[in-house]
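Heads up: the structure comes next, in structure tokens.
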Amino acid sequence: MAEPLCERAPAKINLDLLVTARRPDGYHELDSLVVFAEAGDALRLEEGPGLRLVVEGPFAADVPAGGDNLVLRAARTLERHLGRDLPASAILSKRLPAASGIGGGSSDAAAMLRGLARLHRLDVPASGLAALALELGADVPVCLAARPMRMRGIGERLEPLSGLPDLPLVLANPRRPVPTKAVFARMGAPGRGRPRPALPAGATLPDLAAWLAASVNDLEAPALAIEPAIGEVLVALRRLEGCLLARMSGSGATCFGLFSDKNAAEAAARALAAARPDWWSIATTARGCP
Ligand SMILES: C[C@@](CO)(OP(=O)(O)O)[C@H](O)COP(=O)(O)OP(=O)(O)OC[C@H]1O[C@@H](n2ccc(N)nc2=O)[C@H](O)[C@@H]1O
Ligand SMILES: Nc1ncnc2c1ncn2[C@@H]1O[C@H](COP(=O)(O)OP(=O)(O)O)[C@@H](O)[C@H]1O
């Protein structure tokens, strides 16, 4: 009997997001810098007689408990690919708001793929898992890697980033779900993309903020049109002491503020929670890379 194991499902943050083309199948090509936070959902797995999922945690009620949950969809996709059952008992602690632009569901699905491979000691090459991940959603391959990446294509072209410092962040969400499909549907004609200047070597946080400020999230305007509260979140983040840059992640509504240091982010998160107890907000650190 294999040991129970725990897989983290970290929040995904798009530091920027350019929509560069619309494909004939309706999907959009992106160019996005993606990082992963210490905060996230968590998945506990142990061998079980069948495939079972229990969802707990503050946002459990907002996600499907049954077969539509991305955790179970991930398991079924892997089982189909291998042509055999992968019995497992899973407990998902749902700590990230759903449909909020920080890839909670995608990260949960990726954690299930990683977890089942570990639990059953599967010999599936990384490229095989990545292909299955893409079947589950455009964001699942990057969540499978769960490290800083430049993401292109619809999400399948991944290039590891280097020279990124750890990023002290505040994440804030007005507790209003925003469906990804609706945001893309409101997008105007995509821009042509733009050359991305290299990250300055040895970048400090203020350098990084200035570098990121030259970029955008192209989904911010269509998401704002659907959910105006995103504008309030951005204004509130920008007013917090020590905030170097604030922007929406993914298709929203979660926005991130980048701070000069961890203490400043924690103090800012406390101030924001006191001012807006109706929002979800946390301080966390997105892991950088050498
Ligand atoms: C926008 C992003 C940016 O990282 O993040 P989230 O806001 O979801 O966190 C992702 O591309 C979201 O990926 P994911 O949530 O997996 O999307 P999917 O389930 O594959 O697609 C949902 C819908 O979004 C649209 N879609 C998604 C990805 C993409 N590159 N182009 C699209 O046009 C399509 O209309 C699709 O039907
Ligand atoms: N484990 C899960 N966690 C979150 N959402 C899930 C999950 N399983 C299925 N979903 C569905 O997937 C949709 C997208 O969720 P999520 O990945 O959190 O959002 P986003 O793509 O905006 O980051 C939600 O509407 C939700 O109903």
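Including glycine, each Cβ sits where the backbone N, Cα and C put it.
Over in TrEMBL, the protein carries these features:
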ACT_SITE  Lys12  active site
DOMAIN    69-144  domain 'GHMP kinase N-terminal'
BINDING   Pro97, Ala98, Ala99, Ser100, Gly101, Ile102, Gly103, Gly104, Gly105, Ser106, Ser107  ATP binding site
ACT_SITE  Asp139  active site
DOMAIN    207-275  domain 'GHMP kinase C-terminal'
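Structural mapping of features recorded in TrEMBL.
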| residue | record | DSSP (3 states) |
| --- | --- | --- |
| Lys12 | active site | strand |
| Pro97 | ATP binding site | coil |
| Gly103 | ATP binding site | coil |
| Asp139 | active site | coil |
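Annotated pair Ser107 (ATP binding site) and Lys12 (active site), C-alpha to C-alpha distance, rounded: 7 Å.
Of the listed binding-site residues, namely Pro97, Gly101, Gly103, Gly105, the sparsest CB environment within 10 A is found at Pro97. Spacing of Ala99 (ATP binding site) relative to Lys12 (active site) is 12 Å (Cα to Cα, whole number).
Confidence annotation: the domain 'GHMP kinase C-terminal' (207-275) carries a mean pLDDT of 97 in the model.
In this structure, Gly101, Gly103, Asp139 are the recorded positions from Pro97, Gly101, Gly103, Gly105, Ser107, Asp139 whose C-beta falls under 6 Å of some atom of ligand 1. Apart from Pro97, Ala98, Ala99, Ser100, Gly101, Ile102, Gly103, Gly104, Gly105, Ser106, Ser107, the residues listed for ATP, the same chain places the Cβ atoms of Ala11, Lys12, Leu96, Gly250, Thr254 within 8 Å of the centroid of those Cβ atoms. Highlighted here are the recorded positions (Lys12, Gly103, Gly105, Ser107) whose C-beta falls below 6 Å from ligand 2: Gly103, Gly105, in sequence order. Here the Cα atom of Gly101 (ATP binding site) is found 8 Å from that of Lys12 (active site).
Note on the domain 'GHMP kinase C-terminal' (207-275): DSSP counts are 39 helix, 12 strand, 18 coil.
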